[in-house]
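Working notes, beginning with the structure itself.
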């Protein structure tokens, strides 16, 4: 298998990120960029983010997860704690999250650590999900090896019968994480590959702001 991609390139000319427009708080800029993506007709699932983890095996792993909320404390997402992702974060809570919105020529890379959210918060979010998603969380022992697609569908059918007209309990191994950032990098594509890169690094209760070479 071979394919030459050397000529795959485009010029980025849709925006700029200048010091005069940068707030002191990265959360303000994050919210502004997120809202821009969320309101854009050219962006699907603005809350889709890549999460990179490294467990005790020291092998980096990246997957796309959906951001479910954010506030001044950080970013929230939910998963099966027994999944590869969950095990990695239990062994090493440091991780990296990134958002890329190609149509806006914007990217945000965030470094930080996670903590598990309260069982109450996980319960509240779990029961806000569609019923099918709740059943799916029970049917799938995430990241485990299964014999076939049919095996999964049979489990779902049995669970549908088991919880017919009943409330579906949250699986004990399912819950949320709060990702607490220590660094934000905002990337804005620019012409001639002279992109804007602004780095916020947390220092005690303040943020240090620096421009990085592209």
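Glycine is treated like the rest: Cβ placed from N, Cα and C.
In this chain, none of the residues that are 6 or more apart from residue 9 (substrate binding site) has a CB less than 8 Å from its CB. What Swiss-Prot lists as substrate binding site is 9, 10, 11, 12, 68, 125, 129, 133, 193, 194, 195, and the listing cites sequence analysis.
Using a 10 Å Cβ-Cβ cutoff, residue 67 (FMN binding site) registers 18 neighbours. According to Swiss-Prot, the feature FMN binding site maps to 63, 64, 65, 66, 67, 68, 78, 79, 85, 107, 142, 143, 187, 197.
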Practice task
Could you check what DSSP calls residue 193 (substrate binding site) once collapsed to helix, strand or coil?
Solution key: helix
Completion exercise
Quick note, residue 67 (FMN binding site) and residue 129 (substrate binding site): C-alpha atoms separated, nearest Å, by 14
Exercise for the section: Can you see whether DSSP assigns residue 129 (substrate binding site) to helix, strand or coil? Expected result: coil
Exercise for the section: Identify, in sequence order, the residues in the chain of residue 68 (substrate binding site) that are 6 or more apart from it along the sequence and have a CB within less than 8 Å of its CB; answer 'none' if there are none. Expected result: 47, 76, 77, 78, 125, 176
Completion exercise
If you tally other C-beta atoms within 10 angstroms for each of the binding-site residues 63, 85, 129, 193, 195, the top scorer is 85
Problem - Cα-to-Cα gap, residue 187 (FMN binding site) vs residue 195 (substrate binding site), nearest whole Å - result: 7
